[in-house]
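**Q** One structure, pasted below without further comment.
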């Protein structure tokens with residue numbers, strides 16, 4: 001038999017050591033080296049562990065499964081809350097008032113809907129809540145107050161100022177005026193002069209329209225209804241148009257301002273028409 005080479009000797013020695021370690025000799029040798037043969041610490045060598053422990057179960061795959069199931073259960077939970085809210089709304093008229101400590105499901109749902117994104121993709125959180133619809137009886141009462149204000153304004157202007165003033169400038173020497181002592185005073189003399197008609201009429205219209213506007217604000221404060229924002233159909237139609245469709249900034253506010261000026265201008269046009277008609281009648285009579 002030929003002698004073994006150095007490489008073969010080292011290989012045989014390595015194989016014997018490996019076989020010895022696989023039979024449990026690694027732990028006893030480790031205890032001898034470290035002097036912990038009688039210690040209670042775990043001194044088991046990793047070489048003694050079975051090779052089957054190398055395969056670990058795919059725990060990461062199963063750990064993500066509950067999250068997917070949890071997301072799929074969100075919609076049924078919302079439906080359940082809505083059903084409970086509907087049952088609560090039906091039972092409010094039959095049951096006693098609930099305790100203040102009990103959470104209101106309707107308030108909970110409204111707060112959840114507030115944080116949800118709108119149809120345009122932007123979150124609706126922080127947006128102003130839509131105004132409650134105005135009672136029809138309140139609208140009728142507001143229209144009644146507004147019509148009464150306009151009627152009294154026109155009556156006072158026409159009967160107590162415009163008609164007497166137009167009669168004065170067209171009949172300055174009438175026998176009616178000497179019966180009143182104030183018509184003979186010095187401050188009344190400019191009213192008799194027809195050349196002052198434009199200045200006097202413009203001053204009167206400015207004062208009367210200013211007073212009417214203030215009284216209109218008092219009517220809005222009394223009825224809690226804004227004259228144009230809540231009653232005008234054109235303003236309601238413009239408010240339905242989304243922002244950006246029409247390239248005009250604050251279209252609703254500008255329309256309200258324009259309608260306010262038109263309301264005052266229409267009163268001025270009405271008074272001018274009345275003056276022209278009365279002047280024509282007094283001139284040819």
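Backbone N, Cα and C atoms are what each Cβ position is placed from, and that goes for glycine too.
Quick paste of what Swiss-Prot says about this protein:
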COMPBIAS  1-10  compositional bias 'Basic and acidic residues'
TOPO_DOM  2-148  topological domain 'Cytoplasmic'
COMPBIAS  11-20  compositional bias 'Basic residues'
TRANSMEM  149-169  transmembrane segment
TOPO_DOM  170-196  topological domain 'Lumenal'
CARBOHYD  173  N-linked glycosylation site
CARBOHYD  196  N-linked glycosylation site
TRANSMEM  197-216  transmembrane segment
TOPO_DOM  217-263  topological domain 'Cytoplasmic'
TRANSMEM  264-284  transmembrane segment
**Q** Mind checking which residues of the chain, 6+ beyond the ends of the transmembrane segment (197-216), have their Cβ under 8 Å from one of its Cβ atoms?
**A** 146, 149, 153, 157, 161-162, 165, 169, 190-191, 227, 264, 267-268, 271, 275
**Q** Reduce the DSSP letter at residue 196 (N-linked glycosylation site) to three states and note it down.
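**A** Looking at the DSSP assignment, residue 196 (N-linked glycosylation site) belongs to a helix.
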**Q** Any same-chain residues 6+ apart from residue 196 (N-linked glycosylation site) with CB under 8 Å of its CB? Would you list them in sequence order, or say none?
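**A** Same-chain residues close to residue 196 (N-linked glycosylation site) (Cβ under 8 Å, separated by 6 or more) are 190.
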**Q** According to DSSP, how is the compositional bias 'Basic residues' (11-20) divided among helix, strand and coil residues?
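**A** Split by secondary structure, the compositional bias 'Basic residues' (11-20) comes out as 10 helix, 0 strand, 0 coil.
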**Q** If you run through the topological domain 'Cytoplasmic' (217-263) with DSSP, how many residues end up as helix, strand and coil?
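**A** The breakdown for the topological domain 'Cytoplasmic' (217-263) reads 27 helix, 0 strand, 20 coil.
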